[in-house]
Amino acid sequence: MSFSVTLPDGSKKDFDKAVSVKELASSIATSLGKAAVGAKINGVMKPLDYIVDEDVEAAIITDKDEEGLDILRATAAFLLEAVAKRKYPELRLGMHEADEGGFFVDTDKEDQIKVTELPDLEKAMQKAIKNGEKIEYTSMKKSELEEIFKDDQFKLDLLKDEEDEVAVYKLGDFVDFGFDALLPNTGKIKNFKLLSVAGAYWLGKSSNPMLQRIFGTAFFKKAALDEDLKRRAEIKERDHRTIGRDLDLFFVDPKVGAGLPYWMPKGATIRRVVERYIVDKEVADGYEHVYTPVLMNVDAYKTSGHWAHYRDDMFPPMDMGDGEMLELRPMNCPSHIQIYKHHIRSYRELPIRIAELGMMHRYEKSGALSGLQRVREMTLNDGHTFVALDQIREEFAKVLKLIMDVYKDFDITDYYFRLSYRDPKNTDKYYANDEMWETSQSMLKAAMDDLGLDYVEAEGEAAFYGPKLDIQTKTALGNDETMSTIQLDFMLPERFGLTYVGQDGEEHRPVMIHRGIVGTMERFIAYLTEIYKGAFPTWLAPVQAEIIPVNEEAHGEYADKVRAELAKRGFRAEVDHRNEKLGYKIRESQTQKVPYTLVLGDEEMNANGVNVRRYGTEEQISKSLDDFIAEIDADVKSYSREK
């Protein structure tokens, strides 16, 4: 026997007998053999015990590599399965996965595993880690595994996709499959944490049983684990779902409709302020705001192409019984096209800018729903401009300037530009007109080049009817998210027969520019909630000033007078008339992250003044009511956090 192993640098090592991955690593360098945790053999992850006995390409994986962390986390998931099965013999195991976020294991138990049981599972894992229990890598016939798991439908489902010979891992009597590479023993899984338990449908289908998904993470170094747990705690504090509950901004009740948020008065106030701001900005920029129905005849979506390309994301149509089929709109563009078509248009009117805070409905699977970020009913800050061909670049620059102005007011600074094209290898899901795609993509690129802006290009991210500029922001939780979009569309004007009368008296086809400045109200307010951590700047805060009388009987009437003065000038203020201790009320105001807390006692009442405490500070300053009104007025008008 003789064979060669090709290494990443192109060099080769020759062998005359079979070697394990660990032996291969040691033959390259003794230190590499000690650091190795696995290898990529012909691009596939393999464990240290894997035997190499033929010509292959090999890359050794160490604990310094990302793939090494995947191997560690997969091993932690395997160990969690083993100890959970020991602790709960009746337990059935489903999917498992390890990635850059950590690992998870799906479990099925009649008496569901609760988060309070995680410490006991951790202790069982730590005991196995301390003992350095051996993890055996071997293979078994698929038929053997089917016999072992004959009473476990979950495992039988997973075995359907396996070959006749299946790689398996054993820890004592425990056996499982579906792992690429694991460590040879439990000793290195020292720095791990079980994080949470959540529901997950088997194979991701809502018609299947709901399992309990246990999440965890693991690192080679304790410092890395500590840093990750600190980051996760920060994320939890910033999670808009948590803040929304604590500040009473919104709620979602699956019993009355998953993905359908209810806006409480405070959340509705924030949304209303944002909506008014957006409308004022757009009107000042030449847009005409409209209202259009949320229902539309299905034929409109057949004409637009949504029915063919977007139907899976739409709710089923409503049969009105007289041949009419109505559809909840998933997008606003066909509605704005009807506004354009309602009159004969002249070149003198162009560009025609139409905008709407348009309510839409999209069918999202229940497993994808999340707070305000993924919902089934949403209100989009939508706009469409109809232009002549020679107006595209100027209008594109104008829209981009409007977006940048809005970003400045909200102090959005962490973003980049992405030009999103169709996938040339998978054109079936896009409007079939190669010339249109080439023209619109080159025009979009030229418009960005004219402005001297840096951008990345992404194939496969375009809408089915045209390429677009996506402005990608980084959320407070570290996720990449599309905030704004500008899109060139030659298709819909063609499909709906849109025209304008040109200077020559002939009919011409306009180009349609789709644009969204801040996306949906739901997602944007989720973004703001997390960025501000619930401590909204004064202009956005649902309650701008909390007024607390020291003694209700003595100072309650004066507190109402102060609130009335503030309300008269357009400021949002509340009086805390509850029969609670003063210190409790002040702490509550801070907990609710109200920008200004005003405490009113004898001194303030006699001087027609207020005692002011800014959120996040201990300092209390007495001043006249007029001076405070001037202060809060300047604060509200400053908009940006930087100002």
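Note that Cβ sites are derived from N, Cα and C of the backbone, with glycine treated the same way.
It should be emphasised that the depicted structure is a prediction, and the values quoted were computed from it without experimental measurement.
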Matching residue for the Zn(2+) site, where Swiss-Prot names C333, H384 - out of H514, H555, H577: H514
Secondary-structure category, per DSSP, in which H514 (Zn(2+) binding site) falls: strand
Neighbour tally for H514 (Zn(2+) binding site), based on other Cβ positions within 10 Å of its Cβ: 23
DSSP-assigned states of the domain 'TGS' (1-62) in counts, ordered helix, strand, coil: 14 helix, 28 strand, 20 coil
Secondary structure of H384 (Zn(2+) binding site) (DSSP, helix/strand/coil): strand
Assigned conformation of C333 (Zn(2+) binding site) - DSSP reduced to three states: helix
Cβ-centroid neighbourhood (8 Å) of the Zn(2+) site, C333, H384, H514 excluded: M331, N332, H336, I337, D382, G383, Q487, D489, L492, M512, I513, R515
Listed binding-site residues (C333, H384), ranked by Cβ neighbours within 10 Å, top entry: H384
